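A.B. asks: Quick one: structure below, then a few questions.
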Amino acid sequence: MRLIIRPTYEDVSKWAANHVAQKIKEFSPTKKKPFILGLPTGSSPIGMYKNLIELNKSGKISFQNVITFNMDEYIGIEQNHPESYHSFMWKNFFSHIDIKKENINILNGNALNLEKECEEYEKKIKSFGGIMLFVGGIGPDGHIAFNEPGSSLTSRTRIKTLTQDTIIANSRFFEGNVNKVPKSALTVGIGTIMDSQEILIIVNGHNKARALKHAIEKGINHMWTISALQLHKNAIIVSDKNATYELKVGTVEYFNDIERKNFNNDLK
């Protein structure tokens with residue numbers, strides 16, 4: 001697993017956007033050979049999305065032949081609800097780029113048969129040959145998507161009950177009212193994410209420091225689902241300095257030394 005440490009959230013966002021854009025450019029997607037991209041919601045990727053929008057508007061990258069799969073969606077709120085992940089993605093990314101609507105895939109939290117919705121999502125991902133690059137963020141407790149502590153590290157797309165910690169953390173998007181936060185969601189599983197050819201995780205802020213420590217320095221543990229990345233052959237965590245405060249000095253120095261030549265990844 002690689003760890004790229006950048007000074008600020010802005011630097012992290014730029015690095016992540018450049019990495020995604022470079023992967024798409026290198027693949028040279030076409031209509032018959034699309035690039036399959038997994039995407040997150042939440043506060044962590046917003047800066048990356050802003051940078052990708054600028055790269056798209058400047059003509060450096062196109063999303064016309066990119067097919068996206070989002071990680072998760074709340075159960076029981078309408079797609080046009082301002083805090084649904086459908087709304088989030090259109091507001092912060094999709095409406096600003098040249099992606100085709102038919103190439104966007106987001107779980108339907110209002111499907112009549114939620115279990116079937118999850119099964120069909122898995123089948124659709126597999127029908128495209130799997131996800132080439134899955135971008136994600138993590139919660140303070142180390143969860144990826146809505147794979148809360150205790151989730152199976154081989155789990156697939158499914159219905160998940162949210163922990164009180166996650167509900168409290170997400171209440172900032174619901175006027176600070178925990179009672180307005182949905183109590184369950186549909187989410188891709190850890191196994192779904194781990195099947196991706198490459199995983200890129202964005203980590204920023206002091207409140208993610210303990211999760212990053214468990215991801216990098218501790219053992220694999222289903223109570224810290226981010227730790228599953230240790231088993232992936234091509235996983236990258238890009239972190240700001242604030243999130244590294246619980247790492248050992250030697251760990252930080254080690255990764256800074258071996259990744260120094262990769263700090264500047266501006267598009268060529």
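Quick reminder: no glycine exception, Cβ is built from N, Cα and C everywhere.
What Swiss-Prot records for this protein is below:
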| type | residues | note |
| --- | --- | --- |
| ACT_SITE | Asp72 | active site, proton acceptor |
| ACT_SITE | Asp141 | active site, for ring-opening step |
| ACT_SITE | His143 | active site, proton acceptor |
| ACT_SITE | Glu148 | active site, for ring-opening step |
| SITE | Ser151 | site 'Part of the allosteric site' |
| SITE | Arg158 | site 'Part of the allosteric site' |
| SITE | Lys160 | site 'Part of the allosteric site' |
| SITE | Thr161 | site 'Part of the allosteric site' |
| SITE | Tyr254 | site 'Part of the allosteric site' |
A.B. asks: Only counting partners 6 or more residues apart, tell me which same-chain residues put their Cβ under 8 Å from the Cβ of Glu148 (active site, for ring-opening step).
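C.D. replies: Listed in sequence order: Asp141, Lys160, Thr161, Leu162, Thr163, Thr166, Thr225.
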A.B. asks: Kindly assign Asp72 (active site, proton acceptor) to one of the three DSSP-derived states: helix, strand or coil.
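C.D. replies: DSSP assigns Asp72 (active site, proton acceptor) to strand.
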A.B. asks: Which has the fewest other Cβ atoms within 10 Å: Asp72, Asp141, the active-site residues listed?
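C.D. replies: Taking Asp72, Asp141 as the active-site residues, the minimal 10 Å Cβ count falls on Asp141.
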